[in-house]
Amino acid sequence: MTNSDLLVALAGQQNAGKSTLFNVLTGARQHVANYPGVTVDKKYGVYRDASGKVTAVDLPGTYSLTSFSLEERVARDFLLIEKPDVTVNVVDASNLKRSLHLTLQLTEMGLPTVLALNMMDVVERRGTQIDRDLLSERLGVPVVATVGRKGEGREALRSAIRTASGTHAPARCSVDYGDLETDIAALEAASGAHGALADIPGRWLALKLLEDDRRAVEIVRQRLAGDAADALIADAGLRAAAFATARGIDVPDHVVACRDRAVRALLDGVFMAGTRETGSTVTERIDRFVLNRFAAPLFLVFTVFMIYQVAIVWGYELTEYTWPLLAHTREFIAGLLPDAGFLTDPYIRSMGLWLVDSANTLLNYVPIFLILFALIAMLEDSGYMARIAFILDKVLHRFGLHGQSTLPLILGGVFAGGCAVPGVMATKGIPDNRARMATIFAVPFMNCLAKVPLYTLLLGIFFVENRSLMMFYISTITVIFALLVSKLLTKTVLSGQETSPFVMELPTYHLPTVKGVVRRAVDRTWLYVKKVGTIVIAVAVVVFTLLQFPGLSDERWAHFQTEGAKAIATFETKMAGNAYADIATGSNVVGLINFSNDYKRAKLNASGASASSAVNDSFEAANPAFYALVRPPRGDADAKAASRALRSLVSTRKTLRREMKEERIRSSLLGTIGRGMEPVTQFAGFDWKINVALLSSFAARESSVATLGVLFQQDEDQNASLETRMGAETTAAGATALLAVSMILFFALYPPCLATTVMVKIQTGSYKWMMFSILFPTVLGLTVSSAVYSIGKATGASGIEAMTAVYFGSLALLIVVGLFGRRRRSAFLPTMAHRPSLRT
Amino acid sequence: MLHTPAVSFRSLNDIKPGCRVRIRRHHSSGAVRQRLMDLGLMPNVDVLVVRSAPLNDPIELKLEAANVSLRRQEAATIEVFDNDEQ
Ligand SMILES: Nc1nc2c(ncn2[C@@H]2O[C@H](COP(=O)(O)OP(=O)(O)O)[C@@H](O)[C@H]2O)c(=O)[nH]1
Ligand SMILES: [Mg+2]
């Protein structure tokens, strides 16, 4: 039966537990946080009860229902236009007095309401009792006690929703607005005469018009003809002005005061036993230390350091145990794919392995993210995150950010290690729109985990002696850049965005629950893994294709085939007369080579003597004949000779394959683009190889090192690390530490990876801003790198000198901008109201 | 040139931590004013200025039900009673 299907809206203040109760009701997952303003968009979920389907909507957290803020407009429009069958007003029962203002506004809108007294566990812990029956009778709505965190009260809430859905009479309780009542009645009558306004609650509309509410005025103008609308609005305006003159108080203030009186009356006698909150004295004691002028910075630095130490340092150590799992997976998949050929591999194989490698580099960070996100969830749930916002707001605000930008910046990786995707996502908690936009563009400048490998690589080549100094420069200069950029953007492209004041509640401290923390850590990590699953894989395919095609020319291909045939011929000559000649002929040769390579890799992956001998056993069992050539038995001269011949063949093949790959990449589409960019990037010192690496890192940062690895491939038997190879090749080509600095700076300023830009699109809701988030950093990065490289080259500065100069230059700029911001601020005028009636 | 407000008044911004005052009226408008009222900063309400942040701004206030933090910029728009007027 469709008419027993219900639409239910959950309304309430931030942190009242709407999302938690939403999950309890619907079983769906949603972001939960003890941090003001996490929910901005509405979430849907469905459950069934005995009578039918119930769709629940989690509305944005609102303190009241005016049209001043986006959240309130969203919530109110939903209530007004979608007209849910029941509105569940979720309130923090330990803070009833302030919460009931909203309850009264809901009943004023004539909405069938259920009052959910959440956080009853906190109330009970304080030894307070709430007379729910009395409250329910006075309000005229069902009152249900819940403990969202423990899932208590679900059935009671569900059945109260059913009950309330039947009562379409407006709630009993209405606020007495004293002297304003005559005006309300008159306006209600005037608007009631218009059929077009029939579906809008009359008393509510009258009150809103008297308050000069923007949205109410809009509704009247939309629905009524010009004259009628003007008349009604003018009437309301005159009445409001007359009231203000007569009473010496503006209508909105009067309304709030009346409501406050009504709330007091409602609550009179509702609380039984118990006195002042005990929880807040604990909070007070903690805050006395944590927010102390001297202890606060120390404790903050200590907290951030602990996050870094536990998540990044120890997390990295953990990946040493998890990496073999990924390596085994790769081997397993490699075994499923078609075998490698002598000169080229089947596309399915090279593409498959490319995808596995791309995914593995990202999956390798999963342990780090699980720990990092769990720690951050603990900070949020405990209430300390709001304190961090309180401590840092002054600095952040000066650069156009917001105290609550801290969480996104930490997630993005302030010092080292983070991910911009959850960072950008977390910006939706920032109540000030302009600061939120600025934060979205600042987060990608942080040191995401994937930038670290390139830094490590370059520092290992060029800055062996100054490695830690350079790492310090890198991790702090990104913060400096982020602050400068936000200031710049705030003053320019973002200057037209809506802003709102910083008024934030400092919640009482909670002990985070294991379940809540684990769930959030898993949810956020899962988001990261999805990024691997979708975007990164998709882009990996594109980059792979761009690197493969158009491929070698027929002539070059013929050349390599001849070379390959020659190598095999040489091998066969060496094997002539050898006892093992039979097993190493014709089509067997490629199989033998693959066997030998698989064996080498398996030995590399195996750790410890027992694992190593297990590898031996399994390879011997798989193919005893091949095994004899790969590991010649003691004293078998023929096997030894054959093994030597095989090794030389393997190495010739490797060289040929490397040459082919390099030629292919050079002539590939991506290589062509990279070379096409040289005229521009030459000022920053980048040649086509570096361009290709930087281009491919747009797919995912991790690929920059992988691509460099391909481009600076090993020679012959040499088994040098990428550091040595790149070092040798680049220094031979005249590259210097200055080039490394140029690369590092570009990489630090480089646009967010593709996954992040998609998140930027989601959070800003516009492709225009997404394009901006790509283009602006590219131009900025190229400008800075070119300037540093060109000036550095002209002055003959060394790498470390250039970096030091850039560092202190931007630091000085930061200080100047910071001081400049302060002068502007102190000229701010506190009086901005138009209150002629009160000026004396 | 230094601008002085047309009417000078004692605001929450001038109150030392540890002092309790009563709010007289708001000098802000629109969204700011509404937000302050929502948080319980209504005329005739008593507030305790708990502390200022380590960098002096924002400040923390204790209201009847909750602790709220506020930038000095907005605190300066909230007029309070002089203690002897209360
Ligand atoms: N002690 C207690 N905490 C709760 C209860 N319900 C929710 N919370 C916590 O309150 C915080 C805010 O909850 P959330 O659902 O995000 O609130 P929302 O902003 O209204 O969506 C979270 O840390 C929850 O774990 C409850 O009944 N008791
Ligand atoms: Mg929520």
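FYI, residue positions are counted from 1 along the chain as it appears here.
Placement of Cβ uses the backbone N, Cα and C atoms for every residue, glycine included.
Residues annotated as domain 'FeoB-type G' in TrEMBL: A:5-167.
DSSP classifies A:Met119 (GTP binding site) as coil under the three-state reduction. In sequence order, A:Ala16, A:Gly17, A:Asp92, A:Ala93, A:Ser94, A:Val147, A:Gly148 make up the list of same-chain residues 6 or more apart from A:Met119 (GTP binding site) whose Cβ falls under 8 Å from its Cβ. Feature annotation from TrEMBL assigns GTP binding site to A:12-19, A:37-41, A:58-61, A:118-121.
As annotated by TrEMBL, Mg(2+) binding site applies to A:Asn23, A:Thr26, A:Gly27. The 10 Å shell around the Cβ of A:Thr26 (Mg(2+) binding site) contains 20 further Cβ atoms across the protein chains shown.
As annotated by TrEMBL, transmembrane segment applies to A:294-316 (among others).
Within the chain, the transmembrane segment (A:362-379) has long-range Cβ neighbours (under 8 A, six or more residues past its boundaries) at 33, 303, 306-307, 310-312, 314-316, 318-319, 322-323, 326, 385, 388, 407, 410-411, 417-419, 422, 449-450, 512, 516-518, 520-522, 524-525, 528-529, 531-532, 536, 700, 702. The annotation transmembrane segment is assigned in TrEMBL to A:362-379 (among others).
The transmembrane segment annotation in TrEMBL covers A:438-464 (among others). For the transmembrane segment (A:438-464), same-chain residues at least 6 beyond its ends with a Cβ under 8 Å from one of its own Cβ atoms are 361-362, 365, 368, 400-402, 405, 408-409, 411-420, 423-424, 427, 430, 470-471, 474-475, 478-479, 481-483, 485-486, 489-490, 494, 697, 700-702, 704-705, 708, 722-723, 726-727, 730, 736-737, 740, 743-744, 747-749, 751-753, 756, 760, 763-764, 769, 772-773, 776-777, 799-800.
Same-chain residues lying 6+ beyond the ends of the transmembrane segment (A:470-489) with a Cβ under 8 Å from its Cβ atoms: 398-401, 409, 414-416, 437-439, 441-443, 445-447, 455, 459, 463, 744, 748-749, 780, 800, 803-804, 806-807, 810-811, 813-814, 817, 821. Among the features that TrEMBL reports, transmembrane segment is placed at A:470-489 (among others).
Tertiary neighbourhood of the transmembrane segment (A:528-549): same-chain residues 347, 350-351, 354-355, 358-359, 362-363, 365-366, 369, 419, 421-422, 664-665, 668-671, 673, 696, 698-700, 703, 754-755, 758, selected by CB-CB distance under 8 Å and a gap of 6+ residues from either end. Among the features that TrEMBL reports, transmembrane segment is placed at A:528-549 (among others).
Residues or ranges marked as transmembrane segment by TrEMBL: A:731-750 (among others).
Annotation comment: TrEMBL describes A:771-792 (among others) as transmembrane segment.
According to TrEMBL, the feature transmembrane segment maps to A:804-821 (among others). Distant neighbours of the transmembrane segment (A:804-821): 395, 398-399, 473, 476-477, 480-481, 483-484, 487, 741, 745, 784, 788, 797; these residues of the same chain sit at least 6 beyond its ends, with a Cβ under 8 Å from one of its Cβ atoms.
When the alpha carbons of A:Gly12 (GTP binding site) and A:Thr26 (Mg(2+) binding site) are compared, the span between them is 17 angstrom. Considering other CB atoms within 10 Å as the measure, the emptiest surroundings among the binding-site residues A:Gly12, A:Gly27, A:Pro60 are those of A:Gly27. Taking the C-alpha atom of A:Pro60 (GTP binding site) as reference, the shortest distance to any of the binding-site residues A:Asn23, A:Thr26, A:Gly27 belongs to A:Asn23. Mapped onto three states, the DSSP output places A:Pro60 (GTP binding site) in coil.
Only A:Asn15, A:Lys18, A:Met119, in sequence order, out of the binding-site residues A:Asn15, A:Lys18, A:Thr26, A:Met119 have a CB under 6 Å from ligand 1. In the three-state DSSP assignment, the secondary structure recorded for A:Gly12 (GTP binding site) is strand. Note on the domain 'FeoB-type G' (A:5-167): mean pLDDT across this stretch is 84. Same-chain residues lying 6+ beyond the ends of the transmembrane segment (A:771-792) with a Cβ under 8 Å from its Cβ atoms: 440-441, 444-445, 485, 493, 680-681, 683-686, 738-739, 741-743, 745-752, 756-757, 760, 801-802, 806.
Of all the binding-site residues listed here (A:Asn15, A:Asn23), the one with the fewest other CB atoms within 10 A of its own CB is A:Asn23. Proximity to ligand 2 at the level of Cβ atoms, with a cut-off under 6 angstroms, picks out A:Lys18 from the binding-site residues A:Gly12, A:Asn15, A:Lys18, A:Asn23, A:Thr26, A:Met119.
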